[in-house]
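Visitor: I'd like to ask you about the structure that follows.
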Amino acid sequence: MSLPSNVRFEAASGIVCACLILVRCAYRLLFPCRFHKSCHRQWRPEDAYMTFALIPLAVRTVSIALCFTLNPPQSSAPVTAEEAAALGRSVDQLTHDRIVARKLLIPSRLSYALFLWTLKLSLLAFYSRFVGHLDWGRATIRTLWWTIVLSYIVVMLATLLECRPKCSKGLINLLTMASFNMVTDIALIILPFPMLRHIRLTLLKKIQLIVLFGVGAVVVVITITRIPLTLIQSVSQSARTMWASTEMLCACFVTNAAFYYKTLRDLRHHHQDQNANRPRAERLRLQSLPSSAAAAAAGAVSLTAPEPAKSPLHIFEDRVVGNKDDIDDIEAPAHPDDRFVFPKAARKP
């Protein structure tokens with residue numbers, strides 16, 4: 001007996017998402033970098049979120065597969081004797097299968113939302129290492145974290161409270177989840193762009209980062225597109241499942257884009273560990289400072305060797321200068337003059 005097309009597509013998308021996550025986590029666990037802590041081959045908090053995301057991914061994949069296997073047409077109408085006879089089943093058996101199939105939609109919708117929201121937290125944890133050390137970054141990260149968590153609770157309540165007693169169409173779930181999904185996705189897309197204003201990189205590399213950060217807009221476009229198309233098809237469960245699987249697949253690609261982008265560069269450049277073996281004073285390069293007279297006029301303070309950095313930013317008296325190795329998750333250390341400079345007003349007090 002061949003599987004329905006919905007089940008095959010759901011299984012394929014679930015396997016691809018699982019492979020993206022497992023390869024990422026296995027790479028960081030099995031091949032950790034032992035030279036510099038800022039290397040992307042270190043286990044990070046966002047990897048823990050990605051690992052947890054495998055649970056709702058598996059739950060949804062199994063739930064949808066069983067749902068469409070037990071009730072391929074996703075019909076909620078009473079079973080007729082003709083339908084049962086055509087399938088070689090009794091009316092009671094077919095009715096039981098349809099009831100179980102409709103019930104499985106609830107865990108599939110909750111796990112679908114949990115998977116997407118876990119990916120959002122993973123992406124937020126990744127960005128927090130770069131903007132969380134600025135005066136506005138910490139408050140923004142905290143606000144976004146609570147927004148994501150509370151919005152999932154609202155989506156969960158909307159999904160469960162709609163079932164009084166009929167909730168198979170899940171229209172409230174569809175609209176509530178789509179709204180919060182778009183709002184949080186747009187916020188995550190915007191979050192890293194203020195940082196680009198202070199980064200001293202070549203124009204080409206800035207464009208690469210803009211594309212890398214902006215690729216999340218694809219998920220927003222899918223969310224906006226799926227709502228009218230699903231409503232046109234009278235909230236068809238088959239259409240909802242297909243669009244949901246597509247959105248999960250794109251969201252997984254977006255969340256893992258920075259890791260795979262860096263890994264490909266890493267493999268191409270044979271992982272430049274030699275940078276970590278150099279003395280710190282040799283690796284850290286500051287931009288040209290003003291002359292002593294100009295510095296005195298500007299009230300600047302001359303600097304000696306800085307203390308070892310405790311964050312992804314090297315903090316000095318008048319400037320915050322980032323080493324290329326400290327944004328290693330995004331860019332490979334390709335050129336010694338590539339660095340990012342934050343004005344004094346941008347750092348935390």
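Even glycines carry a Cβ here, placed using N, Cα and C.
Marked as transmembrane segment by TrEMBL: 12-31, 52-71, 110-131, 143-161, 173-195, 207-229, 241-261. Summarising the annotation, TrEMBL assigns domain 'Rhodopsin' to 39-252. Residues or ranges marked as region 'Disordered' in TrEMBL: 327-349. Feature annotation from TrEMBL assigns compositional bias 'Basic and acidic residues' to 332-341.
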Visitor: Give the one range among 12-31, 110-131, 207-229 whose Cβ atoms make the most pairs under 8 Å with those of the transmembrane segment (173-195).
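Guide: Selected stretch: 207-229, with the most Cβ pairs under 8 Å.
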Visitor: So which of 12-31, 110-131, 143-161, 207-229 is most in touch with the transmembrane segment (52-71), counting Cβ pairs under 8 Å?
Guide: 110-131
Visitor: Among the recorded stretches 12-31, 110-131, 207-229, which has the greatest number of Cβ pairs closer than 8 Å to the transmembrane segment (143-161)?
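Guide: Counting Cβ pairs under 8 Å, the winner is 110-131.
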